Amino acid sequence: MADLRHSSLRYELRADLEEERIRQKIAERTSEETIRIYSLRLFLNCIVLAVLAACFYAIYRATIFSQEHMKKEIDKMVFGENLLILYLPSIVITLANFITPIIFAKIIHYEDYSPGFEIRLTILRCVFMRLATICVLVFTLGSEITSCDNYSCELCGYNQKLYPCWETQVGQEMYKLMIFDLIIILAVTLFVDFPRKFLVTYCSSWKLFRCWGQQEFAIPDNVLGIVYGQTICWIGAFFSPLLPAVATLKFIIIFYVKEISLLYTCRPSPRQFRASNSNFFFLLVLLIGLCLAIIPLTISMTRIPSSKACGPFTNFNTTWEVVPKMVSTFPSSLQSLVHGITSEAFAVPFFMIICLVMFYFIALAGAHQRVVVQLREQLSLESRDKRYLIQKLTEAQRDMRNRLD
């Protein structure tokens, strides 16, 4: 435990020194260098946006293609073709989630950020990519459900002929995303990580395998995978009530598979993630996933008419109508309480109190951040003093040896 704590302190000190070096480098930049680096960052961010747009468009086209072919006689297709059509959106999403982090990791090296900000920006881009792909899939399905082409939607408000139970269709897509994500994780662990460990260990004489190296266990990447699966569960739980049970079983399997992979195939990442930043940052990522999950659910519950052929909301125009209907069955005193909580007289003061509490915590966080900056500067100054003293001591010892000689 003491060695681990000492290693962590050494890493923190190296990170602080690196941050100090980056800050000094930024302060010494000329105007031409500043203009050049900001122009390069603007160009690279345009490339990032182009990559995101291309991935979103590919998911959109794959979903449209899958839905159009599922409307045909899919039972007459070959088994492989049938499976490919069913899982095409999931395949495209998985490929996008696999390729884009590699592209973002290559791009970030040219943007000249500090190491800590570089990691956080890369993770945020990957988070947005992973979670936004789910929203693109859901919104594409919603546009297909509400588009009627040559059919009339005046009676039900959605394409009842092609999607008699559209909630079931959305739930199936979330279920396929969950299952396909599990298959990919198991396949990568069993057919990539273990063979890679075997080749690197027993074929180390080959230069190719030495360059390839052993698999690194990156905590942020694995946490992002969990957040991605959690977001799928949040969106799909409304359309497929048994999906949380499937997600629980999936996470249990992934936990033990990742544990075995960590113990036998992985090595620690050379670029560690600060423990002081991890809790807040991962909670922020989870909050982003929750917000992105609420948006399509809110739109589907309030804007898209509920299915008339199946489901518990067949007697309601929209799913949200069940809420005021249920409130009307409450006792009068409880109805008054609910109406009071949802009224402006309660909402405005509550919002103001929440804003004051938020501003207080923001100010508190700012004060803590200033203290952290001062402590880092103090550590940096102490490290400089130690290096100066060591240099002087080395020079004194050298002079002493020269005199003795």
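Quick reminder: no glycine exception, Cβ is built from N, Cα and C everywhere.
Remember, predicted model here, so these are calculated numbers, not experimental data.
Feature annotations, reproduced from TrEMBL:
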- 165-276: domain 'TMC' (DOMAIN)
- 42-63: transmembrane segment (TRANSMEM)
- 84-110: transmembrane segment (TRANSMEM)
- 122-142: transmembrane segment (TRANSMEM)
- 174-192: transmembrane segment (TRANSMEM)
- 234-257: transmembrane segment (TRANSMEM)
- 278-299: transmembrane segment (TRANSMEM)
- 346-367: transmembrane segment (TRANSMEM)
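Counting C-beta pairs under 8 angstroms (sequence separation of 6 or more), the transmembrane segment (174-192) reaches the transmembrane segment (84-110) with 3 or more such pairs. Most Cβ pairs under 8 A with the transmembrane segment (278-299) among the ranges 42-63, 84-110, 234-257, 346-367 are made by 234-257.
Residue counts for the domain 'TMC' (165-276) under DSSP (helix as H, G, I; strand as E, B; rest coil) come to 88 helix, 6 strand, 18 coil.
Residues 340 of the same chain lie 6 or more positions beyond the ends of the transmembrane segment (346-367) yet place their CB under 8 Å from a CB of it. Along the domain 'TMC' (165-276), the predicted structure has mean pLDDT 79.
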